[in-house]
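What TrEMBL records for 70-90 is compositional bias 'Polar residues'. The domain 'ABC transporter' annotation in TrEMBL covers 110-352. Residues or ranges marked as region 'Disordered' in TrEMBL: 1-27, 41-95. Feature annotation from TrEMBL assigns transmembrane segment to 457-478, 490-509, 529-558, 570-589, 595-614, 626-645, 685-705.
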Amino acid sequence: MEEIQSQSDNYRSSSSSASSPASRVPSSNFFYLRKPGALRQPISFEDSPDWEEPDVEVRVEESGGGGGDSINTATTPISPSLSKLNSGSMPSPPLPEGAVVTRKIAGATMVWKDLTVTIKGKRKYSDRVIKSSNGYALPGTMTVIMGPGKSGKSTLLRALAGRLDDSAKTYGEVFMNGAKSKLQYGSYGFVERKNTLIGSLTVREFLYYSALLQLPGFFYQKKSVVEDAILAMSLGDYANKLIGGHCYMKGLPSGERRRVSIARELVMRPQVLFIDEPLYQLDSVSALLMMVTLKKLASTGCTLIFTIYQSSTEVFGLYDRICLLSNGNTLFFGETLACLQHFSNAGFPCPIMQSPSDHFLRAINTDFDRIIAMCKTWQDDNGDFSSVNMDTAIAIRTLEETYRSSADAAAVETMILRLTEREGPSLKSKGKANSATRIAVLTWRSLLIMSREWKYYWLRLILCMLLALCVGTAFSGLGHSLSSVATRVAAIFVFVSFASLLSIVGVPAQLKEVKVYGCEDSNQHSGGLVFLTGQLFASLPFLFLISISSSLVFYFLVGLRNDFSFMMYFVLNFFMCLLVNEGIVLVVATILQDMFWTISTLVFIHVMMMLSAGYFRIRSALPGPVWMFPISYISFHTYSIQGLLENEYDGASFAVGQVRTISGYQALHNVYDVSPDENSKWKNLMILSLMAFVYRVLVFLLLHFRVKKNSFLFRFVCCKIGMNDRR
């Protein structure tokens, strides 16, 4: 302790000199904070909820022209932190005037006590990511979890929301409204760090389809919910604009895209909203607008809990409570201004004109030790390059020990005891849309997406038409002589093989579909079976359009058998070939979830299937390697090409000289390995149908593993490609 006290005194002296106006040019008397050592009161119980008070219906409307925007506001008493902030130089944004009674305000109180999260191998220093964390969040307030990278912010947020992976073990207690209960469906919303949106839909369309997936009832009942979410996130000016960002060069700015992600969860009107990094990849202006919007949302009675890495002084002034983490340890929990006083009491006062969040992270981020070591010999006009000459590990221990013995920690424990001594109203699960409705919604939404994104199927249709024209022109005018058998086989082989290879054009759209599914399934908005069924129904019209248009062009240019039944079999066979190929694309995209590796793997798979079908089915080709022999029996090229050839030569006869004739089977058998059975082509078609079904089942299983990322099979196959690093 003597070493800690001595270095703390050194830091206090250097920090005080650095923060004095005389040491700065120009001097300034502009203070964001209270002076160190100023008298303050510990956290009071004025903002503790009273379960016996009846709910009050309040609506706040902006004065002005008719039809102005409106927001809902809660009648929860203003917490001491808000009153202090409003009286200082960091005011909260004033709410509009004019209150009118409209609807009930429902809030939820969350308390966590001695919460510890253990993930084996998650951290090098320890397998305990969160260590005995205590805290609470009240209705109508914003509670922020702050800390440097790898401090456990997202892990604590996911532990509170009950969304940790299966490999994580949670110890401690979590209370909702004073009772030990899990969060029910519809009572909370969770927003991931990265946006997972559909760029080909407008904001209103995207939120409307999300509401249809989440809420029960009729379609027209969801419109008011969507409009409320648009107004709550101030998206009225962007409601009819495309989200963009995928197949479009232009789209919504990053700040508005982040608002859309939050609005998607607001359609359920949750009582608790968890947001992982709401300011992720936002500039200072967008960050301030985002936090003002969230402050407005919290005023409706919603409990907001989110993580944040760093913020400006203006944004910092909007927080109600802060939970400061470092290496999983809680260095402080309480009001924002109390955190400033806590750092001052520990010997780390915030310098003048410096952002509080910057000061906090500067003191507890171990990465700064490397910077200090590099800059020991550097000098600036005021002396040392860095005013901090204290080891970060010692600073963290000092802050932690100071907090444990402080009045703030005692006040938190007392508040937790007060909030858990009585049970409030339990959070009930809201109804879900049935599976039939979800399938219909996903089918219609996928149809709309596929029709708007030209890279999904339209580009593939154009390329298939060009392929059919090129191959058909190259092999046109073959006639029906015996010598044309081998050439006709080559034409069909080239057309089917390269048309299947063109499926890689839709890989970016398929990857986006899988990511959207992962986000919706984690929030229980969708399911694997519902997603696959809707995606299958939506793709059928486009796949059939591709098959019938390109097949007819190829069929008539090459001059195949002039009979309607044989022509329709050709179209149906090629359609099933495309359907099987679509399943292969979904399987690879679900496993890898990376565009480069997905496209490379698909090209490799198609080349191997094409070579295996050619080596072991076309007798005129040279024999291939032995290991390729089993691939020919799992290659859909084999059954598709064999069925098309049997369809072409079944029942046909060829004249050999003037007397002798041979059947189509005999003529084809000399070139290609086919079956003499007349029903063989229908058996090949059934095998293609079975392969399409098997691949869809495989996708369903992989989607299940994709949601449970900690399964051994998923980690072994994926090698963690595309998995986001969590802080």
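In case you wondered, yes, glycine gets a Cβ from its N, Cα and C as well.
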Spatial neighbours of the transmembrane segment (570-589) not adjacent in sequence (6+ beyond its ends, CB under 8 Å) are 496, 499-500, 503-504, 506-507, 510-511, 514, 535, 539, 543-544, 546-548, 550-552, 555, 560, 598, 601-602, 605, 636-637, 640, 643-644, 647, 681, 684-685, 688-689, 691-692, 694-696, 698-699, 702
Please tell me whether the transmembrane segment (490-509) and the transmembrane segment (595-614) touch - that is, whether there are at least 3 C-beta pairs under 8 Å between them, with each pair 6 or more apart in sequence. yes
Roughly where does the domain 'ABC transporter' (110-352) sit in mean pLDDT, to the nearest integer? 88
Cβ-Cβ under 8 Å with the transmembrane segment (457-478): same-chain residues at least 6 beyond its ends: 450, 484, 487-488, 490-491, 494-495, 498-499, 502-503, 505-506, 539, 542-543, 545-546, 549-551, 553-554, 556-559
